[in-house]
Amino acid sequence: MTIMRKSHPLLKIMNHSFIDLPTPSNISSWWNFGSLLGICLMIQILTGLFLAMHYTSDTTTAFSSVAHICRDVNYGWLIRYLHANGASMFFICLFIHVGRGIYYGSYTLRETWNIGILLLFTTMATAFVGYVLPWGQMSFWGATVITNLLSAIPYIGTTLVEWIWGGFSVDKATLTRFFAFHFILPFIITALVLVHLLFLHETGSNNPSGLNSDSDKIPFHPYYTIKDLLGIFLLLTVLMTLTLFFPDLLGDPDNFTPANPLNTPAHIKPEWYFLFAYAILRSIPNKLGGVLALILSILILAAFPLLNPSKQHGLAYRPITQTLYWIFIANILILTWIGGQPVEYPFTTIGQVSSILYFAIIIIFMPIASMIENNILKLHF
């Protein structure tokens, strides 16, 4: 008799995805972050659901409802800070996941990569609208500044901004619709994750060597389920440490002040995980140019499969491109730092140089390095 997990219509899908899935035997811990992202998404949906039970999306009561959750709801403070810091953990895992994809050449799996970019955009949109909900000073002014960027679109810009706001400024209508978006988007993300996995399992996973691993596959369970469990425990340890000991470490002090349209904070800045893109936006003096650079800073990931002339898969045996990759990572960290600094010399100049370098490494230097490496291989073999 066939084992039930191999014959039952529903269990069969689970079996092919998480149990009997043929997996390369040499994938390292960098491949753990996919499952960690799944855990982060589950934590965010669960904590968000409990927060939504007590939150009110009205400008007069939103700020006090968050205070009420922290003070009066049983373990409300824990749920709120798990949700806020869970978002930070989500983005840390997300950036490492994308970084691993670039390093090991996972962008050659085109469909999986493109759905991944769509997931990144959707997650960023979810985090942005979520940051507005506590209705603190930085929530309000962040929403005003970022949505106002759409006014740079020729002809329809101003109309589009007023349509998103639901009026002539960020107000009650904006907060209500942002809450609606923040509630629905995680479920759209979940659906996209399933499509992401569907495409991944069509081709099979990549591996650190960049070679075809069809001849050396092992079942996902128990080998990688145990490995993923270790990663999950480490993730939860970091998340709980952050939540219980340093809950406000990654937040902004301005957000402890209720939103006031008549008082602008000294430095308006988004959450830390958007700072690199915000620095690129600020480094261009033209408004429309800045908006385009902001979008391109993420959309350029879609160009990786097109800008890869290398004969090798991944960077494991490509020292020149490896060096460029780590310069690129360091550059993103510099941009993140610049995004949190005031708009004054020398920060503006550093931001402009880093922004140019960000695009130049991807569009110019990496393809050239790949061609040089191809020629070196021709000379020696």
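A Cβ is built for glycine as well, from the same backbone N, Cα and C atoms used for every other residue.
The heme b b562 binding site feature in Swiss-Prot is assigned to H83, H182. For H182 (heme b b562 binding site), the same-chain residues that are 6 or more apart in sequence and have a Cβ closer than 8 Å to its Cβ are G48, T126, V129, G130, L133.
H196 (heme b b566 binding site): 21 other CB atoms within 10 A of its CB, across all protein chains. Under DSSP, H196 (heme b b566 binding site) is assigned to a helix (H, G or I) in the three-state scheme. Summarising the annotation, Swiss-Prot assigns heme b b566 binding site to H97, H196.
Residues or ranges marked as ubiquinone binding site in Swiss-Prot: H201. H201 (ubiquinone binding site): 14 other CB atoms within 10 A of its CB, across all protein chains. Reduced to three states, the DSSP call for H201 (ubiquinone binding site) is helix.
Annotated transmembrane segment per Swiss-Prot: 33-53 (among others), in sequence order, evidence recorded as similarity to another entry.
Residues 30, 33-34, 36-37, 40-41, 43-44, 47-48, 50-51, 66, 69-71, 116, 120, 123, 127, 130, 235, 238-239, 242-243, 247, 250-251, 271-273, 301 of the same chain lie 6 or more positions beyond the ends of the transmembrane segment (77-98) yet place their CB under 8 Å from a CB of it. The transmembrane segment annotation in Swiss-Prot covers 77-98 (among others).
Annotated transmembrane segment per Swiss-Prot: 113-133 (among others), in sequence order.
The transmembrane segment annotation in Swiss-Prot covers 178-198 (among others), and the record cites similarity to another entry as its basis.
Same-chain neighbours of the transmembrane segment (226-246): 29, 32-33, 35-36, 39-40, 43, 78, 81-82, 85-86, 88-89, 93, counting only residues six or more beyond its ends whose CB sits under 8 Å from a CB of the stretch. Swiss-Prot lists 226-246 (among others) with the feature transmembrane segment, giving similarity to another entry as the kind of evidence.
Look at Swiss-Prot and you will find 288-308 (among others) tagged as transmembrane segment.
If you look up Swiss-Prot, you'll see 320-340 (among others) marked as transmembrane segment.
The transmembrane segment feature in Swiss-Prot is assigned to 347-367 (among others); the stated evidence is similarity to another entry.
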Against the transmembrane segment (320-340), which of these stretches has the most C-beta pairs under 8 Å: 33-53, 178-198, 347-367?
347-367
According to DSSP, does H97 (heme b b566 binding site) sit in a helix, a strand, or coil?
helix
Rank 33-53, 113-133, 288-308, 347-367 by Cβ pairs under 8 Å to the transmembrane segment (178-198) and hand me the top one.
113-133
Can you give me the same-chain residues 6 or more apart in sequence from H83 (heme b b562 binding site) with a CB-CB distance under 8 Å?
Q44, T47, G48, L51
Closest-packing stretch to the transmembrane segment (113-133), where packing means Cβ pairs under 8 Å, from 33-53, 288-308, 347-367
288-308
Check H182 (heme b b562 binding site) against DSSP and tell me helix, strand or coil, would you?
helix
